[in-house]
Amino acid sequence: MAKEKISPGMQQYLDIKKNYPDAFLLFRMGDFYELFYDDAVKAAQILEISLTSRNKNADNPIPMAGVPYHSAQAYIDVLVEMGYKVAIAEQMEDPKQAVGVVKREVVQVITPGTVVDSSKPDSANNFLVAIDKVGSRFGLSYMDVSTGEFFATELDDFSSVCSEIQNLKAREVVVGYDLLETDEQVLVNQLNLLLSKETEGYDDVHLIGNSLTDLESSVASKLLQYVHRTQMRELSHLQKAQHYEIKDYLQMSYATKSSLDLLENARTGKKHGSLFWLLDKTKTAMGMRLLRTWIDRPLVNQASIIERQNIIQVFLDNFFERSDLTESLKGVYDIERLASRVSFGKANPKDLIQLGHTLAQVPVIKAILESFNDDALSGLLQELDALPELESLIRSAIDPDAPATITEGGIIRDGFDETLDKYRKVMSEGTSWIADIEAKEREASGITTLKIDYNRKDGYYFHVTNSNLSLVPDHFFRKATLKNSERFGTAELAKIEGEMLEAREKSSTLEYDIFMRVREQVERYIDRLQSLAKAIATVDVLQSLAVTAETNHYVRPVFNDEHRIAIDRGRHAVVEKVMGVQEYIPNTITFDSQTNIQLITGPNMSGKSTYMRQLALSVVMAQMGAYVPADSVDLPVFDAIYTRIGAADDLISGQSTFMVEMMEANQAIKRATPNSLIIFDELGRGTATYDGMALAQSIIEFIHDKVGAKTMFATHYHELTALSNSLTHLVNVHVATLEKDGEVTFLHKIVDGPADKSYGIHVAKIAGLPTDLLNRADTILTQLEGETVVIQPQEKVLSQEKPAIETHVNEQISLFDDFTENPVLQELRDLDIYNMTPMQVMMAVADLKQKL
């Protein structure tokens, strides 16, 4: 059989597709974007669109699917959201004037990390990350193409690279070196990233500058090269790459931020129930993004923190002026994203109108800030550049009722361009002339129903019904015949129509040209617009923090150099908001300069984790410049927070709960300094009791003797409380309980000293276990308490070379004397409650109750 001939159009498609094998190719054909071959089959499944075929009668028809060009953005969004790349091939000439195949070229490749336009605009940043490596050092650069933000840094190891990528919530990583297979698996399988290779750099002195290290410059230039290769245009909104160092901010791993619910609730993945949700009273998209950044990266420079506090205090002291400021901020649009649309050549009249409205608000915002008459605001006032000449240009040029498209006309204001006004006058007067002609001919002909209509095919015409055809004047000429009427024209009507159509065509072309010139003028202001955006975002975040401080009765923290923590009647900000102020029980947290470790004991469900998170959250809030929920707060400035809170297997990498515990503990004790905060919750519970206890004791001693970090260590190993006798910088605290008439009430109050009971049986009672089972458990507990566990201090261990924990058991007891074991007991033993959600525990207990 002869080989089927490929049409010139399909050959063009194949030639283009060859250059973009890893992307869906949307091939513009008239009013549709078409996909072919495997792209069509896969896209039809993902997008739920019809799969047809080209050359249906051929032996091997070509699979084909398409989407309308005017609604393509929604389909592109779906593909990109699922982690795919999309290459857009446009027609580069008018098909009516083309000789042969219409010229087509890819004009943009849209990837998860380079989204600019979207049918679902999101205020959050969308960071594209690049990584490079020289020797043992890693370079990392990231950019938000939609806002122009651009940063670069160096990192020590691959785990730090992964943590930073997670913190940035990146979805795509550009790799500038040969990845190890294991590292690639981590990025793809564990972090669910799209990887793109880029070995060439883009040399741009303006954007790279000389403030970066050689490695930072290398990775930043590769990121730039990838962006230019996918976006295929000059991007004037990209900002100069800024050097940053991780140590310039409060260091927290992604796991730590997740366990503290900083930006989203770890259980739901949603904003609600997070610190971000609580603090977000911003009124602008730019402010919202900046607030996320402040929460994600609290400061370690005390002077910078105090600068923020001072402005918040000014806002708190001036309620009415702050209220006016909040109202003005509501009229501010997303300057950064508008500037990027201008840079991409995609800004439409509505975008410029929004920019003009925003610029009109700047003098109002500036006047309000000046009315505070406070030096704390002087820096912000200098940065609030109102750009009056740009606001005047937009206001005078763009009609406030202009359409969103740039081809419909009606964009430019009357009076802005003399020639355009003349064309509009012709069109306006032409309409009046047509009305006069209609009235004149109606009277002259005696056709009372005579009227002039218009359509694109026949232009302007007189509409005459069949019953009036005998009255048609001789100077009328026939244009069209219909079933019940005919259409006529006259020389006079044709002349006016010609003048009007010429004016309309010239007006449309001129209006488009004027708009493009105005947009080009706006582009010259992009740098100043971005500086203005940062200033407004800062004002917005600070007013937001003032509002939350006032609404929730937060206090201004103070900082000390004595390594002292003193939080009087502190609260967990998010838990308090969810529960309500009346229900929440505050707790005082005290570490004097000689106390480094609090060993926290108490029942499960009593509030130990909330107490520890309360401190960590208070530190984050204080160092981002916010006020803190307490009666008073006195803190050192911490350099890092390390946590191990909660227990869950890392199923993707095959690591058990205990392995994850040990890895996170290792990160803490290796990296923490005396200026760090460590939060360990039930460390060691992922292994056998004595293994866990031995490791817990060793870790406590290591932190005490070698690290010196402020540490909260919650444990169910009550035997460890004896360490306070040998470790001078450790104190015991516990969650208070109230026992009365056999009933136990958890008071959620932290008090000095160790807990004397764990009340595990009481928790089981709350869960609804059978009474006879609970009674038997109580008997067994009494027998087990006859055993003794002696905690050896570290000095004794080292000198006698004995294990840290010695266990003396009087004799082996029979746990089930006079007791026939119910099979339910074994199922109960097998429950891994530390790796189950509360709902799963409740369902399991309910199932066990059914079997009793």
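Just so you know, the numbers here start at 1 and follow the chain as drawn.
Just so it is clear, glycine is given a Cβ too, placed from its N, Cα and C backbone atoms.
Here is what Swiss-Prot records for this protein:
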BINDING   Gly602, Pro603, Asn604, Met605, Ser606, Gly607, Lys608, Ser609  ATP binding site
Among Gly602, Gly607, the most crowded of the binding-site residues [Cβ within 10 Å]: Gly602
Greatest C-beta neighbour count within 10 angstroms, which of the binding-site residues Asn604, Ser606: Ser606
Cβ neighbour count (within 10 Å, all chains shown) around Ser609 (ATP binding site): 20
All-chain count of other Cβ atoms within 10 Å of Met605 (ATP binding site): 16
Densest Cβ neighbourhood among Pro603, Lys608 (binding-site residues), 10 Å radius: Lys608
